[in-house]
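Heads up, the thing below is written out as C-alpha cells.
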Amino acid sequence: MRLPAQLLGLLMLWVSGSSGDIVMTQSPLSLPVTPGEPASISCRSSQSLLHSNGYNYLDWYLQKPGQSPQLLIYLGSNRASGVPDRFSGSGSGTDFTLKISRVEAEDVGVYYCMQALQTP
C-alpha cells in the first residue's frame, strides 16, 4: 500500500552571516513510500556546518499535517527525546542524510533540514 500523502518537501533557506549566506537544499522533492520499506532524504549545505567543537550544526524536523514542526534529529545525528529509533541522521560538513529504516503511516509529512551554525 502506498502512502497517499507527500512524504518530503524541498527547502531552500538563506540565512545571512558574516561569512556569507548558507543555502540549504533538500532532495528529492517528493518521495512515494511503502509502509515497512526504508526511505532516505538528502540535505546539502553551501557551507560546512562542522564547527570547531566537532559538532555538525544540522537539525532535521518533521511537520505532520495540521501540526507544528517537531525536532527529529539535532547536531546531525542525535535523536530528539521520544523519536523512534527507526529515524537516524548521518553526514558531516556539507552533506547529510535522514534515514527511516521502516516507514510507518504516521511518518507522512514534510521533512526539513535546518542549519543552526548561523543565526540572523
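Every residue gets a Cβ built from N, Cα and C, even glycine.
According to Swiss-Prot, the protein has these features:
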type	residues	note
DISULFID	Cys43-Cys113	disulfide bond
DOMAIN	20-120	domain 'Ig-like'
REGION	21-43	region 'Framework-1'
REGION	44-59	region 'Complementarity-determining-1'
REGION	60-74	region 'Framework-2'
REGION	75-81	region 'Complementarity-determining-2'
REGION	82-113	region 'Framework-3'
REGION	114-120	region 'Complementarity-determining-3'
SIGNAL	1-19	signal peptide
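For the region 'Complementarity-determining-2' (75-81), the number of residues in each DSSP class (helix H, G, I; strand E, B; coil) is 0 helix, 2 strand, 5 coil.
Applying DSSP to the region 'Framework-3' (82-113) sorts its residues as follows: 3 helix, 16 strand, 13 coil. When the disulfide-bonded residues Cys43, Cys113 are compared by the number of other CB atoms within 10 angstroms of each CB, Cys43 has the fewest. Within the model, the region 'Complementarity-determining-2' (75-81) shows a mean pLDDT value of 98, rounded to a whole number.
When each of the listed stretches 21-43, 44-59, 75-81 is scored by C-beta pairs under 8 angstroms to the region 'Complementarity-determining-3' (114-120), 44-59 comes out highest.
The DSSP breakdown of the region 'Complementarity-determining-3' (114-120) into helical (H, G, I), extended (E, B) and coil residues amounts to 0 helix, 2 strand, 5 coil. Counting residue by residue with DSSP, the region 'Framework-1' (21-43) contains 0 helix, 11 strand, 12 coil.
As a summary of secondary structure, the region 'Complementarity-determining-1' (44-59) carries 0 helix, 6 strand, 10 coil according to DSSP.
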